[in-house]
């Protein structure tokens, strides 16, 4: 009898270890993808800023600080301490919402360079990867909306009339918000991945 119990314990441990290994692999892929997108966003924003006059940079930055991004509609941790206290599933759900919110706006960032043309397909790959992670980490004890039913408000002031330098401001806001949101997703996925290693230090 004892040998049977021991055998079942070993089998269960093996299955559990395999699930953790699979999740770690999926997390590694997702983190790599969002890291690439964040670096891409930083480069595109930096290149765009470099093309502006000093006064244009100052004015656009001032306007942006008073404006808002689509991510402001998505409830997320307010600081690093809340991020660390959030569950894996919550961090994944927020990340999914942030990535999904860029499906349409990302089309406005495409075109003109090979870097920009990487955005939409890489966002799609990342969204698929996060969805797989959500399903793999689904816990009935946690009640989060189905990802298919997540709704997001229109993208900031992007669809509103912006006045004189409308095109310039649109591009600045899109790139700045994209960079900001990819940094958020990178942080959330990195913390969630770290949770799979009990001995790891997940301090931000």
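Glycine too: its Cβ is placed from the backbone N, Cα and C atoms.
Residue 186 (Zn(2+) binding site) falls within a helical segment according to DSSP. Annotation comment: Swiss-Prot describes 36, 186 as Zn(2+) binding site.
The disulfide bond annotation in Swiss-Prot covers 69-177 (among others) and rests on similarity to another entry.
As annotated by Swiss-Prot, disulfide bond applies to 194-202 (among others), with the evidence given as similarity to another entry. Neighbour count (other Cβ atoms within 10 Å of the Cβ, all protein chains): 13 for residue 202 (disulfide bond).
Per Swiss-Prot, the feature pyrrolidone carboxylic acid maps to 18; the stated evidence is similarity to another entry.
Sequence annotations record features per position, and here Swiss-Prot assigns signal peptide to 1-17.
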Which of 69, 177, 194, all disulfide-bonded residues, has a Cβ with the fewest other Cβ atoms inside 10 Å: 194
Residue 177 (disulfide bond) and residue 36 (Zn(2+) binding site), distance between Cα atoms, whole Å: 16
